[in-house]
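In TrEMBL this protein carries:
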DOMAIN    34-72  domain 'Bacterial alpha-L-rhamnosidase N-terminal'
DOMAIN    85-213  domain 'Bacterial alpha-L-rhamnosidase N-terminal'
DOMAIN    227-308  domain 'Alpha-L-rhamnosidase concanavalin-like'
DOMAIN    322-653  domain 'Alpha-L-rhamnosidase six-hairpin glycosidase'
DOMAIN    655-727  domain 'Alpha-L-rhamnosidase C-terminal'
Amino acid sequence: MNTYKTADLSGAEWISTGGACCTPMIRKTLSFPKVTSAKITIAGLGIFEIFINGKKVSDDLFLPLSTDFHERPEKLYRGVPYDEKMRHRLYCPVYDITSYLKEGENTIAFLMGPGWYEMPNECYEYGHIKLCYVIDWQDEKGETHRTGSDGSHKWKESYVKKANLLKGEVHDYRDYDETWMQTPYDDSDWAAVCLEKAPETHFYIQDCPADRVIRHITPRLLAEKGDVRIYDAGEIITGYPVLVSDAPAGEEITVLHGELLNKKGRLTKENTYKQKTVFYTDGTERSMHCRFTWFGFQYFEVKGNAKVTDCVVIHSDVKVSSTFSSSDETLNWLREAYLRTQLDNMHCGIPSDCPHVERRGYTGDGQLTCNAAMIQLDGEKFYRKWIQDIADCQDSITGHVQYTAPYIPSGGGPGGWGCAIVMVPYVFYRNYGDKEILKELYPQMLHYFDYLEAHSEKDLVVSDRAGEWCLGDWCVPTMGFVNNMDAIYIPAPLVNTYFYIKSMEKVLEIGEIIGNHQADEELKEKIRCKKQAIVDQYFDPATGDFAENQQGSNVFAVDLGIGDERTFANILKHYREIRKYDTGIFATDVLTRILFERGESELAISLLTSKEEDTFYSRMKKGGTTIPEYWTGHRSQCHPMFGAVSQYLFEYVLGIRQKESSVCYEDIVIAPECMDTIEAAEGSIMTKNGRISVKYDKTRLEVQVPEKTKALVLLNGKEKAIGDGKSGSE
């Protein structure tokens, strides 16, 4: 699959420090006549910032976008080698630099850091940072020219002495140089760059929003404990604090970042994740902040002589395109907490699991939340890029789809994680209408099924790649502590086979969409056999339950249309009794959806707004601003996966749903399901054709649809058709 333009780097050479330094300044003086236009294309392996004549080019941060850059050196993870065959790519930003260049001498300069590329002692390290660029320019005569990176550049270690994407940085401002990116400048004591072989990968023009500074927050000073000051940003954010200091040269200033405070009002060790920045002053008043990473935090401690000016919020420049509010405070909190959590986890072109510990594009988390994200955010370019990551990271030999995209050795399962190769492109098509993605990935979807078959016994998916985890559901409340596998009672083969069946059903639908029916009969037979296998293995004819209805086992069966009337009745009885979710990341979403789909909106809302412990409500009342990794609230406080249910605020609370054959919300049903339990609600989503809005209270329903959109409004057993930019009310 390729939907991106190829980046042309011909005529340029790859340059590096030869592995001597991963935080260098690289510069060269170039001479130009008067130019009428100029653009630069940059391929960086390692984070880079570009300056021309002392001015920073672009507000983009933390480039390049995270991808599977190229084949890694042979290393082991849990004793498993990197022996799967995947595709590789690097995205190259292109900037118009016409206004930056002047007639005569110009200095082009790069400040680089390791990023995802150079991470010593990590099993997923690629190698030493390197760089390549070309400048295409036109002179006054209209003639075009190309200037590229070469061996005449020079480098020197920057004031950033240590940089680790996950753990933080060390800056020594005694080595800070104010003029190194300007002309004239004496770089006679700088080292010559080394020439490198071009990496074996594919180069494409970047067309996905980069990270940028989104907003600023003024933090609140909570306390001073000795020489340590504790601050509160007011919400969990991604970014960093900005400090100012004029301390004498050589003083140390330390900033520690975390999500929670302990009873003594200090950061808890388990919630800092080693996110730390150290600054050494030079006696000059200056602003200080980290350069090559972001932190996930709400609280931070500053030790040393420095003032805090603000906190900078950074994430991918993806806009919120929806609105929602209701008379229920918990639903409102859920919407805002999900948005904050999702945006906190959108960096470098990937939807991550958390913004601090791992920062990886887990395919399970990503496929689970992608519809919620696409409904509420302008995510087309962002998710188009991530779909490419998923496709690139599929093993071309076995069909195995990785737990993370881009690929970093991680944990997961073959069903809920691997199905991203089917589910994310399908959801993307329904939201944005791109049929070509389905056509291009159809063969890879079928190849994924080959992998699941190879890991099945008696028509149940029972294993994964040797040495890897084989999870079914995840983060069930009974786990009690991180990675306590013994507390996951729901059988993994049931969950993994469920996702196999759902994926095959989606591929049948995709085949109908793209006009490819080559696998229809085989898929239909496999679906039949695997449903029967689940019944044979897990159904109890005495009770109507599957796997004793542990941790939501029945909801997977009901969604597959297996079991009997008792299966769903037992779900209703169970959750009316316990009045809260007892489910993991996948069952929580499926349970909520099937309750709404089967007319049990009151129970669905009661679970979403439950006032029991370890619920969205209790999280809200404890002051939480994001959605945690576990219902119990331990470890990460910022994981979007349980927020997948926020999609139902739009589909069922507001009632905005597409008909089965619709794409881009061109043919919709407006049918609010909760008007008896929620006093009032209003909201909107942005579609290709424009904004769809719904507003109601106990006496009135108002609907607005854009042009080229058909809507059927269902209310109190009555139907009313509206469309073509019209509004309606009842």
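Cβ coordinates come from backbone N, Cα and C, glycine included.
Please treat TrEMBL annotations as automatic predictions, because they have not gone through curation.
Across the domain 'Alpha-L-rhamnosidase C-terminal' (655-727), DSSP classifies residues as 0 helix, 38 strand, 35 coil.
On the 0 to 100 pLDDT scale, the domain 'Bacterial alpha-L-rhamnosidase N-terminal' (34-72) averages 98 in the predicted structure. Each residue in the domain 'Bacterial alpha-L-rhamnosidase N-terminal' (34-72) gets a DSSP state, and the totals come to 0 helix, 20 strand, 19 coil.
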